[in-house]
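**Q** Here you go, one structure.
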């Protein structure tokens with residue numbers, strides 16, 4: 001199939017903004033700025049960064065209403081009714097609150113993990129969501145996994161182990177804190193349990209409302225932003241020990257974060273990049289699924305992971321470790337097997353294996369944001 005100019009632009013926007021989102025988040029962690037104690041230190045405020053991400057998601061709601069307004073102006077009468085008839089905009093918004101809490105928890109854990117580990121590993125380890133979503137779907141949604149689902153899960157687990165080993169070896173050869181890298185990797189993997197829970201909750205209670213994807217992202221972003229903004233207050237008083245990245249020694253010091261942002265235009269710019277990129281990434285990802293396919297979106301998301309890895313090597317945020325690309329390839333094979341894309345369809349076309357009706361057995365894995373995270377509004381995709 002020959003892509004149109006519009007499709008090529010959407011694909012480029014998805015890969016570029018998705019890459020910028022993860023890279024800008026790690027770049028923010030590396031920027032130094034004077035804090036409220038007069039010391040020049042790295043910006044280590046993962047919970048405030050997560051709040052900024054939700055702010056970016058909130059803009060998706062504005063994008064939805066702007067697009068709907070433009071469409072209604074362009075289409076009148078019966079065509080307008082047909083346009084809106086298949087999607088529901090009248091639903092109880094509170095159905096998004098529990099998924100938003102899961103989203104908030106997972107995102108905060110991932111940003112905390114990102115401050116401790118490598119950006120490329122952060123992106124790759126998020127593939128663990130397939131394992132937990134598959135298992136939770138069996139237990140809570142009554143799904144039946146077929147042989148290729150289990151094989152995909154096994155390959156993903158192997159890929160995760162290989163990526164983890166590459167981090168262990170890399171940190172041993174550099175001045176990177178080994179315990180910090182391991183802790184960061186574990187936080188990212190544990191966050192995928194929460195993300196998988198969010199996806200199961202969405203599929204069980206939310207997907208039946210048939211809500212437009214951009215509107216769904218916007219509501220989750222709104223609830224996540226409001227809730228986390230309130231929680232920043234008690235976080236200022238909660239001791240966090242070694243997990244604390246601020247001189248106050250607490251879970252989060254939002255006051256210190258705003259002082260650092262005010263003292264560094266570069267820091268403010270990197271956070272703005274993160275907010276804008278997550279909004280455009282969500283919009284482009286949903287548009288790619290609609291204009292092309294979920295398989296294309298999965299491939300493009302994998303390209304994004306590759307771009308992030310290459311970029312971090314070029315700017316020397318990490319050193320080359322041969323195990324990491326091997327782990328990435330194994331992860332990708334597991335993703336493709338689990339989601340029944342590329343590999344199995346190719347074998348079926350060649351008559352190597354028999355065709356099967358499996359759609360009803362596949363736990364839906366869809367992506368909303370990138371923070372790069374998974375959601376069930378859209379089509380089956382890889383969670384990278």
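Positions of Cβ are set from backbone N, Cα and C atoms, glycine also.
Note that TrEMBL annotation is computational and uncurated.
As the structure is a computational prediction, the values presented were derived from the model and not from experiment.
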**Q** Have a look at 323-347, 348-372 and point to the one annotated transmembrane segment in TrEMBL.
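**A** In TrEMBL, the transmembrane segment feature sits at 323-347.
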**Q** For the transmembrane segment (181-201), which stretch among 48-70, 91-112, 257-286 has the most Cβ pairs under 8 A?
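**A** Maximum Cβ contact count belongs to 91-112.
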**Q** Which one, 91-112, 124-141, 213-237, has the most C-beta pairs under 8 Å toward the transmembrane segment (48-70)?
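**A** Checked against 91-112, 124-141, 213-237; highest Cβ contact count belongs to 213-237.
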